[in-house]
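Q: Pulled the feature table from TrEMBL, pasting it below:
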DOMAIN    B:7-131  domain 'Na+/H+ antiporter MnhB subunit-related protein'
TRANSMEM  B:12-32  transmembrane segment
TRANSMEM  B:38-57  transmembrane segment
TRANSMEM  B:69-91  transmembrane segment
TRANSMEM  B:111-133  transmembrane segment
């Protein structure tokens, strides 16, 4: 039965509700949420395998055939992202168990995380553009809770900015959906694609396509709409930043990809060219931020923006190689950003500061943490045996094939600066004279395991590219040829 | 000076029942006429707000010992369980069904499982509204 593909949505939803009843019993909450996210991981593995063997899976909610009802579509692209999301969710919970204070835990931290995962997986799986909006809101509402929970002065200030920006972009989203509905008369993505192909992508539809780029760009932090991100992501505790950095911006990236590959693909010389240049500028501004700061959290946050640019350039170049590369890079980036934010959280737990000038020589007291950080930095920059290499290689190859030489060189050069920015943390924080400030030896208790899980995955991802490639190329096929998606949904 | 709002309180005691009955009417009529869980829930919550205005928070909380957060969670649980129920009948998630039943007093009535989903909505709306109002009201 096809109810299988709703499991990654229903499991966190049900568990989020149950956790509300147990808000005073922290141990029960921990066990329940860990079990739930482990079940989600298993369910998503099963989905990936099912999609791999049987093709795209759809679920017509309430037994109403599309385009009349809501349909959930699990193609390979969405299922891979759902799997990565549930892995990030599971490891974040492990990290939260020993890093989140009990007053936060009593105030619905774990239900908040479950509802966030519900929103993110829902956004990946839905095949209906208004339903996408609803899942965006589910995700954003829970992120409002997580960003403000604890109510330190900094969090309160940043959450106001964050909510303001997101309320405006949500209002724009509704307006864009209204325009699109007025022009086409449907909300189902596959049906939208058919109708736009029939009537041709007129100027009006191209305007709507750009409007969607603005909206999803605001959520996914592309240039010049990333202004809200660095300060907002710095405010909450490290585990929340890890969830946000690994998941939230990627939902924006996913939506741009989906909308530009399934619905608005008829005017690539205009829409995709704009996307390409915006992603180039995103990369440039991301690396400028990453090398400018001496705050370890800020450095990693600016690296999110760079990665968003790289992934979107792969989509904009729109050749088989670049699209495959951007899928490789998207999955890699979610894993490695999660690991990096956990590492930063562990370093802050040890030193009590995020200012890189205030500590050094951590390798003497925490050698394992140091070497794990080195592996994460090398993976982030895309050094060959590790996970970031294949994605960037294919994106650059695709960029050259598409004739976008300038931007492809920007991507290449950005790797160097990304490597510099995170190596700076390694060299100044881990090398040098130890014990500038008193180091808390016990602080990393329980924080190491989730980092190890993610790094092992990242290494395995890098070495196992050969066995992964059928999955990735299946995902890329759907993005390159929308008729596969349309046939699976509308069954024509 | 101690204020005396006996007229307000007496009228409230009568009006609250009328509002609650009307809200239940709205809730049950949602399938065929305008109404439904959302507006019904808001109307019930407004009756409770009227009680809060006429009496103080302590009196109302002591009279109606409801944990509104738990009420919200219960509502959500009911709504999700109506969806999960479809797992057992081998149909897609959230598939609803209905049938006509001969009930005593009411006669031939159509009973739809969508009402159970709406009951969830109704409880969530009451729970969320009352949580917001009570939390703001109790904050010093």
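The backbone N, Cα and C atoms fix where each Cβ goes, glycine too.
Annotations in TrEMBL come from automatic prediction, not curation.
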Q: Tally Cβ pairs under 8 Å between the transmembrane segment (B:69-91) and each listed stretch (B:12-32, B:38-57, B:111-133), then give the stretch with the top tally.
A: B:111-133
Q: Under an 8 Å Cβ to Cβ limit, what residues of the same chain, 6 or more beyond the ends of the transmembrane segment (B:12-32), are close to it?
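A: Tertiary neighbours of the transmembrane segment (B:12-32) are 39-41, 43-44, 46-47, 50-51, 53-55, 110, 112, 114-115, 118, 122.
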Q: Under 8 Å between C-beta atoms and at least six residues away from its ends: which parts of the chain pack against the transmembrane segment (B:111-133)?
A: 27-28, 30-31, 36-38, 40-42, 44-45, 48-49, 52, 66, 68-80, 82-83, 85, 94, 96-101
